[in-house]
Amino acid sequence: MENSSKAIVDERSGYCKSNSIFYSKREPVQLPQNHSVDVTTFISSRAHHGKIAFIDAATGRHLTFPQLWRAVDSVATCLSAMGIRKGDVILLLSPNSIYFPVVCLAVMSLGAIITTTNPLNTPREIAKQITDSKPVLAFTIPQLVSKIAGSNLPIVIIDDEVKSSLEKTLNIVSSLGEMMRKEPSPNRIGYRVNQEDTATLLYSSGTTGASKGVVSSHKNLIAMVQTILSRFGTEDGEHTFICTVPMFHIYGLAAFAMGLLSSGSTIVILSKFEIHEMLSAIEKYRATYLPLVPPILMALLKNANHIRAKYDLSSLQSVLSGGAPLSKEVIEGFVENYPTVSILQGYGLTESTGIGASTDCLQESRRYGTAGMLSPSMEAKIVNPETGEALSVNRTGELWLRGPTIMKGYFSNEEATSSTIDSEGWLRTGDLCYIDEDGFIFVVDRLKELIKYKGYQVAPAELEALLLSHPEISDAAVIPYPDKEAGQFPMAYVVRKGGSNLSESTVMDFIAKLVAPYKRIRKVAFVASIPKNPSGKILRKDLIKLATSKL
């Protein structure tokens, strides 16, 4: 294997000794040679045999591909008539729905920018995002409109028509239904949109600090679309995906509102996750792919006998898990209970447009604990966080990524951008990883989540894995607890299994027998559940706040 500069690259690991870069072993993505193309046009121009684009799992209401593209054109026509121009920011506050992609695709086709927000956010959190991103218009559903009532933004209601009660109290300018019924106009004001122009402004989860706006370009999204096509790329329109992941999140947005449309796939959308609704939808619509996060996969595993007896899941070919690597026990337990279903895994960040690494078949997933191999056209470095030295195979350091899906930067935040992306385009992920001799990435821990005990570094993930191996523990999280003498020590939050009377001393003794003295857990609190974000990652900062509030 050789890269473009003719440096010799090890075919097995993808590592190049001369520049200390790991290169992807996957086929590279092809980007359009025409630079004046937006992601909506790129997706809509692809040929496939798909018939139905989106189905609402609850109501059965659907959009065919012709209906989808007509709706996108109609909404874009109305937005243009309202004065929406290239570079304007549009806020979308909505749960998953078949109309979510219509709004996104219409906005981006004009060169305007979509910014999404979590429907569970408080009015204060949404107001903060509005102040930062400065949208000129908002789309939302009637049930959520009160959350942006104080913003004075003009609002389009995602409904068939506007109820008179809303019009009296808010600045409601239209309904999505009304806009979709508009005849598309070929004469609307058009702006030349380039691949480098901004398409989305998504706010990262902020698990390591204040939430920041991630600026992604049309090129980033087109590269994401091409990566998804390379993974699921049959263009026969025969795949059916269940969408349980939130569309306001980068993976939900890029995969379900964009990428999978290019292959003619049908996407069955759940407005919110409910396991019975999800399983019923798989059975009813003969779904072939189920993207999910590890907690849902664990629920499928724990209730396997009941689920197999009640639901026909014979159409299901693969589950796609993201958020955290799966253990050997989970993978083999799942394969044993669902022998016709493959497990695929993925790793990515909002800053990398949801792309970074993946396993693309069960054989790759059986490299237990891996996040996968580098995505197409992605390059990586493993960097010693203390010295800045780039490391080789099987050495642990911070994972840096570079490729066509890496964000442009953080919105109006040059300081955060320059501390995250260097002058050569390398994104510092904040994840401690190593890449093995076959090119598989293993995430060891979050760099910023390391506990410093008397100068020693302790990885919470290592202790969490040990805690989860205890027969009476169903979930656990480890955080740094401040200590005058040691600086910090490991504290565990533990969820007991039903009927367990596990004590703090028993938990501490259990870990003490398994780790070096500096890694020992020195405080335990028992809780009903561990707080996690929508992708299944532990909200460690919430637990740290809980622990330190009692000091």
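Backbone N, Cα and C define each Cβ position, glycine as well.
What Swiss-Prot lists as ATP binding site is 204-212, 345-350, Asp431, 443-446, Lys537. According to Swiss-Prot, the region 'SBD1' annotation covers 274-345, on the basis of similarity to another entry. The feature region 'SBD2' is assigned by Swiss-Prot to 346-410, with similarity to another entry given as support.
Overlay of Swiss-Prot feature records on the structure.
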{"residue": "Ser204", "record": "ATP binding site", "DSSP class": "coil"}
{"residue": "Gln345", "record": "ATP binding site", "DSSP class": "strand"}
{"residue": "Asp431", "record": "ATP binding site", "DSSP class": "strand"}
{"residue": "Asp445", "record": "ATP binding site", "DSSP class": "strand"}
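Put plainly, the binding-site residues Ser204, Gln345 were compared by Cβ crowding within 10 Å, and the winner is Gln345.
Take the CB of Asp445 (ATP binding site) and look out to 10 A: across all protein chains shown you find 20 other CB atoms. Within the model, the region 'SBD1' (274-345) shows a mean pLDDT value of 92, rounded to a whole number. Residues within less than 8 Å, Cβ to Cβ, of Asp431 (ATP binding site) and separated from it by at least 6 positions along the same chain comprise Glu398, Leu399, Val443, Val444, Asp445, Arg446, Leu447.
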